[in-house]
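Since the structure comes first, as structure tokens, the remarks are kept for the end.
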2 protein chains.
Amino acid sequence: MKKHNYSAGPCILPQEVFQKSAAAILDFNGSGLSILEISHRSKDFIAVMEQARALALDLLGLTGKGYQALFLHGGASLEFLMTPYNLMTKAGKAAYLETGTWAAGAIKEAKAFGETVVVASSKDQNFSYIPKDYTVPTDADYFHCTSNNTIFGTQMKTFPNTGIPMVCDMSSDIFSRQMDFSKFDLIYAGAQKNMGPAGVTLVVVKESILGKTGRQIPNMLNLQQHIEKESMYNTPPVFAVYTSLLTLQWLKNLGGIAAIEQINNAKAELLYNEIDRNPLFKGTAVNEDRSVMNATFVLADESHAPVFDEMWKAAGISGLTGHRSVGGYRASMYNALPLESVQVLVDVMREFEQKVSG
Amino acid sequence: MKKHNYSAGPCILPQEVFQKSAAAILDFNGSGLSILEISHRSKDFIAVMEQARALALDLLGLTGKGYQALFLHGGASLEFLMTPYNLMTKAGKAAYLETGTWAAGAIKEAKAFGETVVVASSKDQNFSYIPKDYTVPTDADYFHCTSNNTIFGTQMKTFPNTGIPMVCDMSSDIFSRQMDFSKFDLIYAGAQKNMGPAGVTLVVVKESILGKTGRQIPNMLNLQQHIEKESMYNTPPVFAVYTSLLTLQWLKNLGGIAAIEQINNAKAELLYNEIDRNPLFKGTAVNEDRSVMNATFVLADESHAPVFDEMWKAAGISGLTGHRSVGGYRASMYNALPLESVQVLVDVMREFEQKVSG
């Protein structure tokens, strides 16, 4: 039976990416060698890295605007640390918006480096909304925010104009919606949502903001080092970079972010309409801040959970269980999840209603 | 034509590992899902991580001896930084043996943390030997060495008794030879030689040496955090961990390190005998320090290079070009390289001799 994979990450990637990456493990580019056994200094892999870096900038509309794209080790969690290392001056401070668990993680790492101002937090309401009224101190070295909160199903629809460098963790919604990415000076994203397998992180940085902290930065954490070494300061995660390239090429062929945004909006609309219509369900995030990527919802009556759980599992749906911080359900609708999978879920929700109300 | 892959890393892995990892990308464990799209919190992947951690300790003979095995992001280069963060006290110092480029890289990162004593270096002879006569200060927080020097083709055959914590970068010879691994307190190794694809690092640490520095350690660099979170502090590089498990299982089924050591010794003996016998070649490393993993050699007369290069390429050999720091050739004979591939190279060297001596 076909699986409808709602996993929050690692998550579904395009089927053609699975086919091509599996084929490359058996024979990469007709070389007679596996993608897993070639040197990262080989001509073929250097081409992969260069294409991936260029295509990431292209899709974000940042080509020729002073940005560099890097594919690094460590996950977004290492960027929590690299951000203050690379951007917070020795006597300086940073401003953070706290919109969820990962934002809180970034704040925790920054605090070890210097004054870290939390400009606003939605912790008081279990991160079910995005704070709107806050002031970013103009003397901070940077402002850090999280564009989409995977666990709580909220998403920033607008971003403040701060006048200081803007840093954004876009792990769970990069490449999913159009925006003016040149508003940001540093963007990072773990690959394992819209870009590729777990094990590589995309970092997009405006070169002009670097080299200003006065800190001695360890080589592996130094963005200038990574830029100088063309994203190969050490052996890169070859397979994860290659599979990310395949995914970015799939997106480019589809029509880029403009095209996928329409599909993503259609999926989210279909599901949220059902959550709002169906009396057996309640959304957990404030309506205006609902995420197009991760829809979080609970049952109006939790005693029905065994019935609903059996029904969606029987329909081939997987990964729908909500994060323990919210409970209930979470439908992650990343780029590669087809509209038909959302229709299957909505159909199950309707059948469930008939069964329970019936 | 069958390829004989002498790449220094990423490098050849067992053919059955390529088959199984490619199959898992199309369908993992009969789940209907790709290994690339499953949650790292799924039961199936937690089992992979637990098996990989246990099998690594088992193969090293460290089960039940107070060690923890972790599969982390970042490559060995991140461990250059994590080592002083986790082991160097605030007012303390560390002792390093400089045997090559990577040892020098580790030293460079440590220097930013505190006094870093280089107890001996073979830099004077382009790292063509392993220093033997040196004293390790007993008041250092730890002693760091590199068991095998991929670039220069040297390998430590014995290790000093220091009385202080022993740290060893075993990236390029872990799981290749028997030794008393309990002599070491911290072992790390990038996967991309004898263990798996690039993008994951094995860290084996004796728990009792941690927590003594007085430093505030960033979470992602804190080995105690990684132990507490069972090697899932953040999303692990799922595919690289899985493929590492497959490679470790292959080794276990073969008879473990004792069995592969015999094969590795046979491969090295075959090649070094030919290097020493054939008047057209010269080894670059001092005989007693020659690496069983990486054999470095040059032509007695470099003008013959075009002829030799054409011959080995025609025989299906790849990745034989030496590192720019040494020149000439480097035959990397990691665990998965079959003896027959070494025989093919030796045959080419003999045919080359006949052709040139004609």
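Cβ coordinates come from backbone N, Cα and C, glycine included.
Record note: TrEMBL gives A:Ala76, A:Ser77, A:Trp102, A:Thr150, A:Gln192, A:Asn234, A:Thr235 as pyridoxal 5'-phosphate-binding, and the candidate from A:Asp44, A:Asp124, A:Asp169, A:Asp173 in that site is A:Asp169. With an 8 Å limit on C-beta distances, the binding-site residues from A:Trp102, A:Asp169, A:Gln192 that reach chain B are A:Gln192. Across the structure, A:Ala76 (pyridoxal 5'-phosphate binding site) and A:Lys193 (N6-(pyridoxal phosphate)lysine) are spaced 12 Å apart at their Cα atoms.
Less than 8 angstroms from the CB of A:Ser77 (pyridoxal 5'-phosphate binding site) sit A:Gly105, each of them six or more residues away in the same chain. Of all the binding-site residues listed here (A:Gln192, A:Asn234), it is A:Asn234 whose C-beta has the fewest other C-beta atoms within 10 angstroms. With respect to their backbone Cα atoms, A:Thr150 (pyridoxal 5'-phosphate binding site) and A:Arg41 (L-glutamate binding site) stand 36 Å from each other.
In the three-state DSSP classification, A:Thr235 (pyridoxal 5'-phosphate binding site) falls within coil. Distance from the CA of A:Arg41 (L-glutamate binding site) to the CA of A:Asn234 (pyridoxal 5'-phosphate binding site) is 11 Å.
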